[in-house]
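Reading through the structure tokens given below for one structure.
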Amino acid sequence: MFQTLYSYFWWERLWLPANLTWADLEDRDGRVYAKASDLYITLPLAFLFLVVRHLFETYVATPLAGLLNVKEKIRLKATPNAVLEKFYAATTKHPKQADVEMLSKRSGCTVRQVERWFRRRRNQDRPSLLKKFREASWRFTFYLIAFIAGMAVIVDKPWFYDLREVWKGYPIQSMLPSQYWYYIIELSFYWSLLFSIASDVKRKDFKEQIIHHVATIILISFSWFANYIRAGTLIMALHDSADYLLESAKMFNYAGWRNTCNNIFIVFAAVFIITRLVILPFWIMHCTVVYPLELYPAFFGYYFFNFMMVVLQSLHVFWAYLIIRMAQKFITGKVVEDERSDREETDDTEEEEEAPSAKNGPLSNGHPILNNNHRKTD
């Protein structure tokens, strides 16, 4: 049965145009072609990436955070309470007013104390500023290096300037060593992102992130199997061009360099929109949808590859919507916050109880000091 499934999976008509077989892509006369077995190494390399990431975050990102004066907020811990903890873990972290009143009776606490307990308990589960900074530093470093390496791989190739060259001679296109390592490193990194996503900082687009990582892994792998390597290198370099800007903006945000963060974000937004909403759909996807049909009839692999491209493009539209919302807030002078983030909650009610005489906040020259709890979070 396994052999039958294996034969169906690798049926040439699924992966290659008509009249071509896997035998046409066997190494000969000094020409080397991509092989599925080449990608086995990406799984152990993904775990190696996780080890390197841990070392980087410990010995590079953490000292860097200290140099940039990345400070943690003092979080008040929720007082241990079995009744509230059970409801928090088993039912919901955001109880409705009726639930609060019910829990107040069960726990012997006042309604205000229950509300305060849930605020503090939720804050305890939120990732620390240092954790966010370390993650952003790691991704910034990889994306920047990957973008530079990707441009070095493709900038001297004729298909970088003429997209019709992407399909010249397809699929009999030999693989270059630089393309091999670019693919292996990129795929290994995205495997590592997928493996660590459960422990990384969770944002509101958590599901979209999973879809993105899975779609990216499938696209990279499929383009390797079907020898779409020229198109694949262009797509990977295009995606890396904006990602390092976003991660650097996050780093400066966590460090409190608000103006630098906002300026980099505006540059990121422009690069993201140009690359993901203009170049990708109107140049790259046009290249993968239209040009191949000039050479051979459409086959399953053609439809599958472009379907996955549409999935990625849909995610880009979703993220572009969030980015534009943030850019509008910046332009109108409002506080810019990551739309995907889970905001830290303040203990305003507690401050009123513990310091009623200062419920309007401390004064500076007769004016209230701005509440720093409303700084941008990611």
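Numbers run from 1 along the shown chain.
Any Cβ shown, glycine's included, is placed from N, Cα and C.
Lifted from TrEMBL, the feature list:
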type	residues	note
DNA_BIND	69-129	DNA-binding region
COMPBIAS	344-355	compositional bias 'Acidic residues'
DOMAIN	67-128	domain 'Homeobox'
DOMAIN	131-332	domain 'TLC'
REGION	337-378	region 'Disordered'
TRANSMEM	39-56	transmembrane segment
TRANSMEM	140-160	transmembrane segment
TRANSMEM	180-198	transmembrane segment
TRANSMEM	264-284	transmembrane segment
TRANSMEM	304-324	transmembrane segment
DSSP says what for the domain 'Homeobox' (67-128): how many helix, strand, coil residues? 36 helix, 0 strand, 26 coil
Should the transmembrane segment (180-198) and the transmembrane segment (39-56) be scored as in contact, given a threshold of at least 3 Cβ pairs under 8 Å and pairs 6 or more apart? yes
Taking a Cβ cut-off under 8 Å, which residues six or more beyond the ends of the transmembrane segment (264-284) line up next to it in the same chain? 163, 231, 234-235, 238-239, 241-242, 245-246, 248-249, 252, 313, 316-317, 319-320, 323-324, 326-327, 330, 336
If you average the pLDDT over the DNA-binding region (69-129), what number do you get? 83
